[in-house]
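Copied over from TrEMBL:
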| type | residues | note |
| --- | --- | --- |
| COMPBIAS | 1-13 | compositional bias 'Pro residues' |
| REGION | 1-34 | region 'Disordered' |
| TRANSMEM | 44-61 | transmembrane segment |
| TRANSMEM | 73-105 | transmembrane segment |
| TRANSMEM | 111-132 | transmembrane segment |
| TRANSMEM | 256-276 | transmembrane segment |
| TRANSMEM | 329-350 | transmembrane segment |
| TRANSMEM | 362-386 | transmembrane segment |
| TRANSMEM | 398-419 | transmembrane segment |
| TRANSMEM | 426-449 | transmembrane segment |
| TRANSMEM | 469-486 | transmembrane segment |
Amino acid sequence: PLVPSQSPHPPRNMPSIHNSEDMLPRTTSSRTSRRTCRWAGAKPIPLVLCIVLGLLIRFAIPKPDKVSRQAWQLFAIFLITIAGLILSPLPVGAWAFLCLTLTVITKTLPFAAAFAAFTNEVIWLIVASFFFSRGFVKTGLGDRIAMYFVRWLGKSTLGLSYGLVLGEAVICPAMPSSTARAGGIFLPIIKSLSSSAGSQPKDDSARKLGAYLVQSQLQSACSSSGLFLTAAAQNLLCVKLAEALGVEVKVQWVTWFKAASLPALISLLATPFILYKIFPPETKSTPDAPIMAARKLESMGPVKRNEWIMVGTMLITITLWVSGETLGVASVVAAMLGLSILLLSGVLDWDDCLSEKSAWDTLAWFGVLVGMAAQLTALGIVPWMSKCVANFLKSLSLSWPGAFFILQPAYFFIHYLFASQTAHVGALYSAFLSMHLASKVPGLLAALALGYNTNLFGALTHYSSGQAAVYYGGKAIFFLSLILYSNHY
C-alpha cells in the first residue's frame, strides 16, 4: 500500500505504482490470499457423490417387501458411510461422526442404539493395543528385539530379510498394530540399513537393498498378522462379529493359532525367498549389517527398567489372552490390566495415551461402523442380502465348497476399494459371513478364512492397509499391485 505523504510527489525510495516490478509483492500477496481463501471443508465432489448414492438407494430403488422402512433407510446411510470411507470427503473419523449424527437426526436409530457400539469390548481392546504399541516404541524394546535378529542373521541380504521378518513375528502377538510395527520399528531400521549399504530411495541405488527389504517386510507382515489372534486389531473384530452371527470360536487365541500356524509359518519362510528370486536385490552380502546392529545394541546399553516392565507386562497380558476363557478373564480386561501396569509404573503416562491420536480416531469411526453393522443385522438387512446371494448360488447348482471358493475371492479382491483393513471388516465381514452360512459353508471355516484373508489383502496395493501406507508414505516401497513393480522405493 502507498504511504501517505505531505508532498504531492512520492519519496525517492517509494515504488512507483506504474512499475511492474514494484507490483510483484502485491501479486505475491494476492496469490497468498487466494491460497488462504481456499475451501477448507468437505471435498465437494466426493460429498455430492456420497449424498447422491444415499438418495438413490433410499428413494429411487424400490424397498424390498421383506425389509422394513427403518432398515432400508439405515442401509442407505450405511452405504453413504462406506462411500465416504472410499472417497474421503472428510477425514474418516469426522465422516463417521457426521453419518452417525444423520442416523439420529432422521430418527433412523434412537440415540442409545446409535451409540451402543461404543461400549463394545473389542473396540476398547483395539484402542488399548495402540497404547501397547506406543510402549514398545517409547521404551526401545521393539528396536532391541529387531536388532538382535539382525545381528544373528544379517550377514547376507536374504538372512537380513529373515531376521527382520522373524523379529516382527516375535513382537506381533504383544503389539497388535501392524501400522505401529512398520512405522515405529521396522521402517527406520530398514532405512538405516539401506543407507549404510548405499541404497537410497527414488534412484537406481534403491534396487541394491532397500527395495527388496521393504517389499519382503510388507508382504511377510500379512502372514505375521494372521498368525496370532492378537497380532492385528482386525482379527479381534472378526471373531467378535462371527460370534454375533452364532459362530462360536472356543478358546479363541489357541483356535486361531492352530488353524493359522501351518499356512502362516510356511508363508513366513517362503515369502523372503520367493521375493529374493523374482525381485532380487543387487547386493547379496551384507557383512556390515551385524556390525551396525551390534553398535546399535551397544549404544542402547543393557536392558533398562522400563523395557523389563514392558516384557513382564506383555507376558502377563498374552498369558491372560491365551488362557482367559479358562480363567474367566475377558481379553479386554487383560488389556486394561496391562495398560494399568504400564501407567502405574511410569512406562507410559497419560499424555502418551492422549497423544495417540490414531487410537481415539479409531474409537470414533470404528464404533460407528460396528454399530451400524450390528443394527443392520438386527433389522434384517444382512440376513435378507445373505439369503438372496445364497439362493443365487444355489440356482447355479453349487455345493458349499463352490460357494466358498466364489465368496472368498470376492471378499479379497473387493479390498481394492478400501484403504483400511478394519474398515473393510466393519463394512463387509458380517455380510460375507452370513452369505457363507446361508450357503451351508461350515461356520468356523468361513469365519476364520475371512479373518485370514483380511490380513492377506493388507499388501494388495500401496493404500490397502496402514502398514502399506507407512512404507509408501515414507518413500520406502516399490509400488506393488499384484506383481507390478515401479523403480523407486
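Just so you know, glycine gets a Cβ as well, placed from its N, Cα and C.
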Name the range, of those listed as 44-61, 111-132, 256-276, 362-386, that has the largest tally of Cβ pairs under 8 Å with the transmembrane segment (329-350). 111-132
For the transmembrane segment (362-386), the distant same-chain contacts (Cβ-Cβ under 8 Å, at least six residues beyond its ends) come to 64, 66-68, 70-72, 74-75, 77-78, 81, 85, 92-93, 95-97, 99-100, 103, 109, 113-118, 120, 122-124, 126-127, 130, 233, 237, 241, 244-245, 422-423, 426-427, 429-431, 434-435, 437-438
Taking a Cβ cut-off under 8 Å, which residues six or more beyond the ends of the transmembrane segment (256-276) line up next to it in the same chain? 157-158, 161-162, 165-166, 169, 212, 215-216, 219-220, 222-224, 226-229, 235, 239, 249, 448, 451-452
Under 8 Å, at least three CB pairs between the transmembrane segment (111-132) and the transmembrane segment (398-419) (pairs 6 or more apart)? no
Do any residues of this chain, six or more beyond the ends of the transmembrane segment (44-61), have a C-beta under 8 angstroms from a C-beta of it, and if so which? 72-73, 75-77, 79-80, 83-84, 87-90
